[in-house]
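The next block holds one structure in the form of structure tokens; read it before the comments.
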Amino acid sequence: MGDCYKNGGLVYASIQMPIIAVLCVHCELMLIYGSLDAVSKTEGAESFEYPDTTEKCFQYAPGYFKPIATVMRRITESFLFVTQFGFCSIYILFITKNLYQVLQTYDIDYGQSLTMLFCMPFVMVPSLFTGLHHIAPVSNIGNLCLIFGVAATLIVAFTEGMPSTEDRSLITNLPNMALSFGTALFSYEGIALVLPLRNAMKDPNDFNRPLGILNIITALITFVFIFTGVITYIKWGEEVKGSITLNLDETIPFNQAVKLVAALGVFFGYPIQFFIMFNIIWLPMLQRWKFVQGYRLIVEVSLRFIFVVLTFSVALLVPNLELFISLIGAFCSTTLAFVIPVFIDFAVKAQTPEELKWYIYVKNVIILIIASFVINMKVTVCFGETRIVVPCGNGNLLVKDLINEATRRYKKAAGKVS
């Protein structure tokens, strides 16, 4: 959250947090109601998850919705996979950076890359868990570790004394505000878990009622996000890191313990993120390919191994934790959290045209405009002291193209040829 406030400023970031919370909850409710509508119209169905809901809502809608139902399902699955894959890689970066900082204080410095490779075998083991009944207890331990890490960091910040807010930005510029929005949205991103959690409850209606779990938890999380963001940005200013525990002085033994406990919490949280990502690929393969059904254990273990290696590979290639979080939040999370639920809402209401009131159009268009503000973001690339801003367009810009465009703009700005 500190990085979110650094990019957005104290005033803007504090205003955007409850707005994003309300938007996220509203879009999650649109997804839930779309799923309930699809289930009611599908004989024998008891519940649907995100990709199924998207496809069924479009199938039952009239006009241009029906022909693109399968395409929308594939788009949803693709963005879910990329988002969860990004989460897993970010988790690896977080674990590595905290462990690397602690090791450096004892003059153990094999480089961040080798530290990451050292962590791989330990991450591999819990990633082989195939059932939520095994993963859930591990994830709960991880949550407790993370709560301790956040609380301990805030205590350290207060005990060391808080500086004046005079040098802290209240509102920044549009490119940085877009990055701030992407980081904030990444923090709220959990739409992939909304339907599975609701479907698993004894009384699913308790999840989305006015004073239900969704609203209460979101309100609590919003308060925690604003509090931690304000405190960490005031405390560490422009030097604030992408993860709260990275701000601690690693030479102090207590801070080292906090970093290791927080890294352990993320380590225990990795399996559930990996579980969601893997099932997006694995379940369709299991249903369609007889070869996979015949050699299920061998294929599943092999794929799990490959995907763990891939998440580590991406983490090695993209060592900037702050930028990675903003990019995943801006491109993938925005599409899943805002864009697709809006289209689902249009598809559901198009089945009964009298429900498509003018205010529905206005409300959904406003959500899409907000989403486009984030997707059409810009990235700042630094060449020494020179900062080059590169527009990312519609989010399809490849990393190599980003580098090439940044280099071209730098050459032009600096008057250099080579």
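Every residue gets a Cβ built from N, Cα and C, even glycine.
As annotated by TrEMBL, domain 'Amino acid transporter transmembrane' applies to 6-375.
According to TrEMBL, the transmembrane segment annotation covers 12-33 (among others).
Per TrEMBL, the feature transmembrane segment maps to 79-100 (among others). Taking Cβ pairs closer than 8 Å, the transmembrane segment (79-100) reaches residues 50-51, 112, 115-116, 119, 123, 189, 192, 243, 245-246, 259-260, 262-263, 266-267, 269-270, 273-274, 276-277, 280-281, 307, 310-312, 314-315, 318-319, 321, 324-325, 328, 332-333, 335-336, 340 in its own chain, all 6 or more past its ends.
The transmembrane segment annotation in TrEMBL covers 112-129 (among others).
Listed as Cβ neighbours of the transmembrane segment (141-158) (distance under 8 Å, sequence separation of 6 or more from its ends, same chain) are residues 224, 227-228, 231-232, 235, 244-245, 247-248, 254-255, 258-259, 261-262, 264-269. What TrEMBL records for 141-158 (among others) is transmembrane segment.
According to TrEMBL, the transmembrane segment annotation covers 178-199 (among others).
Taken from TrEMBL, the feature transmembrane segment covers 211-234 (among others).
Under the heading transmembrane segment, TrEMBL lists 260-285 (among others).
If one looks beyond the transmembrane segment (297-318) by at least 6 residues along the same chain, the residues whose Cβ comes under 8 Å of a Cβ in the stretch are 85-86, 88-90, 92-93, 96, 113, 116-117, 120, 123-124, 127-128, 130, 274, 277-278, 281-282, 285, 291, 324, 399. The transmembrane segment annotation in TrEMBL covers 297-318 (among others).
Under the heading transmembrane segment, TrEMBL lists 324-346 (among others).
Per TrEMBL, transmembrane segment is recorded for 358-377 (among others).
The domain 'Par3/HAL N-terminal' annotation in TrEMBL covers 377-416.
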*asked:* Can you tell me which recorded stretch out of 112-129, 178-199, 211-234, 260-285 has the most Cβ pairs within less than 8 Å of the transmembrane segment (12-33)?
replied: 178-199
*If you count Cβ pairs under 8 Å, which stretch among 112-129, 211-234, 260-285 touches the transmembrane segment (178-199) the most?*
211-234
_If you average per-residue pLDDT over the domain 'Par3/HAL N-terminal' (377-416), what number do you get?_
64
_Tertiary contacts of the transmembrane segment (112-129) (same chain, 6+ residues out, Cβ under 8 Å)_ = 92, 95-97, 99-100, 103, 135, 138, 267-268, 270-271, 274-275, 301, 304-305, 307-309, 312, 315-316, 319
